[in-house]
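See structure below.
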Ligand code: 6AU
């Protein structure tokens, strides 16, 4: 892991990025003292908004799966945007685009959800090859959006490992204007470089790493999800943003506002102190 990157604050690292969404995210993290992204995987609009209103003060980013909302109406997006302004967080639609370029651009810009019009950040798989990146960029760049590539996954038996991960990082490196980083379990600077690499990255190559699969007291679910703690993810693996879902909003169909807010605060605090410890550790090394 590069001490050069890990010894720098999120605010300082904003200078490494030309992409507007990456800069805004890093500056939001610094301003709110939060590297917590809350993943709000609930299926009814009011529940969705209630969870976001409760966790919003503690999050730099709210992650949505907009296609699981059963009573979706376009006005939900306006209400989500109002909460984003009220609590000063950015929005990440976890769409995991994976199709040919033409289809992906349509899925990104059209249909019921019109994702590009409101999601500051979205993500894509590399399984269909590199063209998915310029395809999504043709819609997103002019709107100031950013893309995360799925380089690794948190689920047991994931095929996104080894040469797949390396090829994904190489694709990202060719599109630094739009790809701001990865969904991954560790840092990705320098991954996939080989003698035949066309692109030689700068010595201070910096990708954001957003990491799902976190809970404080549980190691997995019954469907293959695997969990680590904020300390393991931020301090030991060097990741930048912790993505936490059920660890915060639980399993119930109804929200307990008090406990949801206090769990969000607990994860914010755990993520941020792991980051502060990391800054200290790597500052003394660099
Ligand atoms: O904290 P959880 O387990 O309740 O939720 C984790 C969230 C879910 C997943 O769709 C997502 O993170 N996720 C992703 C993302 C963000 O792309 C990748 C991955 O490898 N694992 C994972 O859980 O909304």
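Positions of Cβ are set from backbone N, Cα and C atoms, glycine also.
A TrEMBL annotation is a machine prediction, not a hand-curated record.
According to TrEMBL, the domain 'Orotidine 5'-phosphate decarboxylase' annotation covers 35-261.
Under the three-state DSSP scheme, residue 154 (substrate binding site) falls in the coil class. According to TrEMBL, the substrate binding site annotation covers 41, 63, 154, 225, 245, 246.
Taken residue by residue with DSSP, residue 94 (active site, for OMPdecase activity) is part of a strand. Residue environment of residue 94 (active site, for OMPdecase activity) contains 24 other Cβ atoms, counted within 10 Å of its Cβ in all protein chains. Under the heading active site, for OMPdecase activity, TrEMBL lists 94 (among others).
Long-range C-beta contacts of residue 96 (active site, for OMPdecase activity), restricted to its own chain and to partners at least six residues apart, with a cutoff below 8 Å, comprise 123, 124, 125, 150. Here TrEMBL flags 96 (among others) as active site, for OMPdecase activity.
The Cβ of residue 99 (active site, for OMPdecase activity) has 16 other Cβ atoms within 10 Å, all protein chains considered. The active site, for OMPdecase activity annotation in TrEMBL covers 99 (among others).
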With substrate as the bound species and 41, 63, 154, 225, 245, 246 as its recorded binding residues, calculate the greatest Cα-Cα distance and give it in Å as a whole number.
17
Name them in sequence order: residues not among 41, 63, 154, 225, 245, 246 whose Cβ is within 8 Å of the mean position of the Cβ atoms defining the substrate site.
39, 212, 213, 243, 244
Could you check the binding-site residues 63, 246 and say which one's CB has the fewest neighbouring CB atoms inside 10 Å?
246
If you skip the near sequence neighbours and keep only those at least six away, which residues in the chain come within under 8 angstroms of residue 154 (substrate binding site), Cβ to Cβ?
185, 211, 212, 213, 225, 226, 227
